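Worksheet for the structure shown next.
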Amino acid sequence: MSERIGVIGAGSWGTTLANLLARKGLDVTLWAYEAELVEEMRATRVNSLFLPGIELAPALSFTNSLEEAATGKDFLVLVSPSQVMRGVLAQLAPLLRPGVVLVNASKGIELDTLMTMDQVCAAVLPPEVARCFSVLSGPSFAREVSLEMPTAVVAASGDPAVAAAVQRLFTTPSFRVYTNTDVVGVEIGGALKNVIAVAAGISDGLGLGHNTRAALITRGLAEMTRLGLSMGAQPETFAGLAGMGDLVLTCTGDLSRNRTVGMKLGQGMKLADVLGEMRMVAEGVKTAESAYRLARRTGVEMPITEKVYQVLHEDKPARQAVMELMTRDLKAERW
């Protein structure tokens, strides 16, 4: 393979994906916002800020210039936080040629517009560029992927040929990629699982046990599915890696930033203090508000999401939120 690849965003996930591709001997340029981080990675071959202890492949190069990262590339992997993605895409737009395959690896819903990342891309980029959009998602902690622990994810695109190209690009003996054409479902699954992970963390922080966590995961999946279906997603997507798979991992794994936020809230910390301790973005904090507003706009019932929003943004006590969920009107189980 002789593809030239740019990766936009040098957090833990962006660095991991860039390193995965560079380990295959591909020509990969990783863009970081912080100039000092670029210099450190060049000098030490380690991203000590976001992925400490992982040696970066010799084939991986680093830049603080979006022009250098994006110009002339065959694939551009987008790993900027979802709330700044629009601004990054606006800067990239004049640099991108038709035919470049865009791979979104960020998980969130834009707060101001309630758009998913594919919708943001379509709004900002010329149609001849945006048509090659894809999304890479699934249960994949960056550190485990970096350590080459077996991982399976999904590459989704409305164009099956684009999805297949992304599948071929990223697949390694330890990183298995499936294809899908349900971009909406994969994006909603990736975004909403972070909100439910905050809820699971709150439950763990309160010491409520495994029964509670299992209920939150199951009913959280129902909320994700209902919202996705209202937006045109396919129901089977939510039973797959980008739905149930990512949800289970993020709600149970100790490496989950969103679960960690919830756990500390459940233990009594204030949100500002929790976020002040974190170097990396917990997408579920902003996505909780986006999803809550999207549910109200679409008329989709999402009680767990509503309570997470209230705990995060209206200072509702965590234990009160749990009790309000448990004392809702009785009803039949439904999706």
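Including glycine, each Cβ sits where the backbone N, Cα and C put it.
Among the candidates Arg86, Arg257, Arg259, the residue that Swiss-Prot annotates alongside Ser12, Trp13, Lys107, Ala142, Val281, Glu283 as binding NADPH is Arg257. Asp246 (sn-glycerol 3-phosphate binding site) carries a helical DSSP state (H, G or I).
Just so you know, the Cβ of Ser12 (NADPH binding site) picks up 24 other Cβ atoms within 10 Å once every protein chain is counted.
The two recorded residues, Ser140 (sn-glycerol 3-phosphate binding site) and Trp13 (NADPH binding site), show a Cα separation of 9 Å. Long-range Cβ proximity for Arg257 (NADPH binding site), meaning a same-chain Cβ under 8 A and a gap of 6 or more residues, is found for Met278, Met280, Val281, Ala282.
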